[in-house]
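Now, the feature entries from Swiss-Prot:
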BINDING   ASP38, GLU225  Mg(2+) binding site
ACT_SITE  ASP38  active site
BINDING   39-43, ARG51, HIS55, 83-85, TRP87, ARG89, ARG206, 212-214  substrate binding site
ACT_SITE  ASN86  active site, proton acceptor
Amino acid sequence: MPRRLWPFGQTKTSADEQALSEQIDPHRIPKHIAIIMDGNGRWAKRRGLPRVAGHRAGVESLRRVLEVCEDYNIAYLTVYAFSTENWKRPADEVNALFDLLVEYLHRELNTLHSKGVRIRAIGKIEDLPGGPRRELEKAIAKTANNTRLVLNVALNYGGRFEIVEAVKSIARLAAEGKVNPDQIDEKYMSQYLYTADVPDPDLLIRPSGELRLSNFLLWQSAYTEIWVTPTLWPDFGRKEMVQAIVDYQGRDRRFGGVKV
């Protein structure tokens, strides 16, 4: 079991997790893990609680996931916090989500910064409410030079929108004669995505049992290994995170090719 150098919380290691951790090959750790944080509403409904209670419980799951990222030297973690479609939810729920973002940054930023976490945002951040946007921008600026772990928070993010915006940027350059269309390939296209300086995810985790990408990292996930669990996000803990890594290491990643 790896030694936790800087715990975000005081989560205890279960016997199940310890048994799983013994199966992990430290030389085959995924560099980039992405997570669709799904199931907060259902978790709250099953307990007769308001939906915001599920979102609040989900914040603690993120804390546990960050612990595991530290333990196993994960370099990049990208979490789907708020999609471009989430604006369709009731206004009180949307407001509560952004209040939770501000609360989380106020409570955790100094700890994250002192431990070398760099916070980044991907999505149409300029359209976020003023207060949360400013707090997020402060966190991004404060942690900009950190290198221990990059935490990408997808806010007001949509995979299709991201691709369309990248295409529009390249089309403008082509119209101005600044790029030859024959120069445009996958690598060139990737430079115009929100994740331009981030490697594609090796592993995408989907709690709640849903079998869809939900418009998340569509371009980047072409060869990503996907791991789905019926566990709802607020119940997602260290054991589930370690299980995902173990299962990932059991996959044969071919990237479209065949071994001969």
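Every residue gets a Cβ built from N, Cα and C, even glycine.
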TRP87 (substrate binding site) versus ASP38 (Mg(2+) binding site) - Cα distance in angstrom:
16
Can you tell me whether DSSP puts ASP38 (Mg(2+) binding site) in helix, strand or coil?
coil
Taking only the Cα atoms, work out how far TRP87 (substrate binding site) lies from GLU225 (Mg(2+) binding site), in Å, as a whole number.
29
Among the recorded positions listed here (GLY39, GLY41, ASN86, ARG206), which has the Cα closest to the Cα of GLU225 (Mg(2+) binding site)?
ARG206
Fill in the CA-CA distance, GLY39 (substrate binding site) to the residue listed as 'active site, proton acceptor', as an integer in Å.
14
Other CB atoms, at most 10 A from the CB of ASP38 (Mg(2+) binding site):
22
Tertiary neighbours of the residue listed as 'active site, proton acceptor' (same chain, Cβ under 8 Å, six or more apart):
VAL94, LEU97
Cβ packing number for TRP87 (substrate binding site), 10 Å threshold:
11
Three-state secondary structure, which DSSP defines for ARG206 (substrate binding site):
strand
Are there any residues in the same chain, six or more apart in sequence, whose C-beta is under 8 angstroms from the C-beta of GLY41 (substrate binding site), and if so which?
ARG51, GLY54
